[in-house]
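As written in TrEMBL, here are the features:
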ACT_SITE  GLU179  active site, proton donor/acceptor
BINDING   HIS22, GLU25, HIS117  Zn(2+) binding site
DOMAIN    15-207  domain 'Succinylglutamate desuccinylase/Aspartoacylase catalytic'
DOMAIN    220-301  domain 'AstE/AspA barrel-sandwich hybrid'
Amino acid sequence: LCSSPSNRSRPLSCVAVCGGTHGNEMSGIYLAKHWLRDPMELQRSSFAVTPFLGNPRAIEKCVRYVGQDLNRTFTTEFLSSTEAEDEPYEVVLAREINQTYGPKGSAQAFDFMFDLHNTTASMGTCLIVDSEESLLPMHMCHYIQMHYTRSPCPIYLYKLPGEETYSINSVAKAGLALELGPQPQQVVRADLFSQMRDIIACALDFIELFNKGTVFPAFEIEAYKITGRMDYPCYPDGEISAMVHPKLQDKDFLPLNPRDPIFQTFSGEEILYEGNTTIYPAFINEAAYYEKKVAFVKMEKHMFSIPGLQRD
C-alpha cells in the first residue's frame, strides 16, 4: 500500500478559520474572537491564517441564523443570484464571504478553510469532510487521529452522490469542519473549547509539515458516509408525534440494526427501524435539526484507501 506513488499538491499559503457560521454555537465563536484579539497561536512559518466570524448578526442575537441557514447557502444558486431587496441576510453574506475567501472553484480562492461547530448531539470530536476523494483533508484527518489522543475523532463524509457542496468552507479549495458535542446552544463549555483549540493546532501543524516537504504515505482509514436522513413521525398537521427512543439517544456512530427501536410515541409505543441493513446514525436528536425534519442522519461505515500525498 505504502509503495504507491504519492499525489502531488501545491503548498498552502492562505488558510482561514471560521467561527460562528451558526450564531449560537459558542466554542468556535469564542475561539475566533480570541484569535482575532491574539492570533499568535495560529501563526506558522510557511502560511498565513485568517480567523473570522461567519455570521456576525446571528452571533449578536445568539441565534443559529437570522433569515436562513448560512451553512446551506454556498451553492451556485445562491452565490450567482442577483441582489434582491427582500433576500435573506445570509444570502448577501454568503456572496460577501465567497468574494473574500473564494470565489468558489477559482484559482484565487483560499487554499483551506476550517469551520468550527458545536452540536447538541453526542457526536464527540467529529471531523467533517465533503467526500473521501478530498485528498488533503483526508490526510489531515488521519494526522489528527494519530496525534490528537484525548478522544476518538470519527470522520463524517457529508456529501450525498450528485449533491453540490453547500457549506461555508466549500468556497476554499479544501476544507475541514469540526463538530464537537454535546454542548447546549448558547453555552460555552471549557472542555470542548480546549479540545477544538487543540485540534486546530494539530491541523495547522499538519499543514506546516506538508508545506515543508513531509511525504505522507498511503493509508487505509475508516469513515462514515451519509446515505440519507430520517424524519420524525408526524401527525397529519405536521407536528411530530414521537421522540427519539431512549435506547437510540446518545448512540451516535454506533450500529443501528433492523428492528431496533428508534422512536417512542408520546403515548409510549415503540417505533422500530424498518431498514434492511445495519446503519450508523449521527446528529441524533440535534436541536437545530427539528426544523429541518431530521431526527438523525443515516450513514454507512466504510474503509477507504487514501493514496499518498506530498507537496509539489
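Each position is counted from 1, following the chain as shown.
Each Cβ is built from the backbone N, Cα and C atoms, and glycine gets one as well.
Feature annotations (TrEMBL) mapped to structure.
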residue: HIS22; record: Zn(2+) binding site; Cβ neighbours (10 Å): 27
residue: GLU25; record: Zn(2+) binding site; Cβ neighbours (10 Å): 28
residue: HIS117; record: Zn(2+) binding site; Cβ neighbours (10 Å): 25
residue: GLU179; record: active site, proton donor/acceptor; Cβ neighbours (10 Å): 24
>> Can you name every residue in this chain, apart from HIS22, GLU25, HIS117, with its Cβ inside 8 Å of the center of the Cβ atoms of the recorded Zn(2+) site?
In response: GLY20, THR21, ASN24, GLY28, ARG64, ASN71, LEU116, ASN118, THR119
> So of all those binding-site residues, HIS22, GLU25, HIS117, which one's Cα sits nearest to the residue listed as 'active site, proton donor/acceptor'?
Replying inline: HIS117
> How do the residues of the domain 'AstE/AspA barrel-sandwich hybrid' (220-301) split into helix, strand and coil according to DSSP?
Replying inline: 3 helix, 35 strand, 44 coil
>> With DSSP assignments reduced to helix, strand and coil, which class does HIS22 (Zn(2+) binding site) get?
In response: coil
> Mean pLDDT over the domain 'AstE/AspA barrel-sandwich hybrid' (220-301): what is the value?
Replying inline: 98
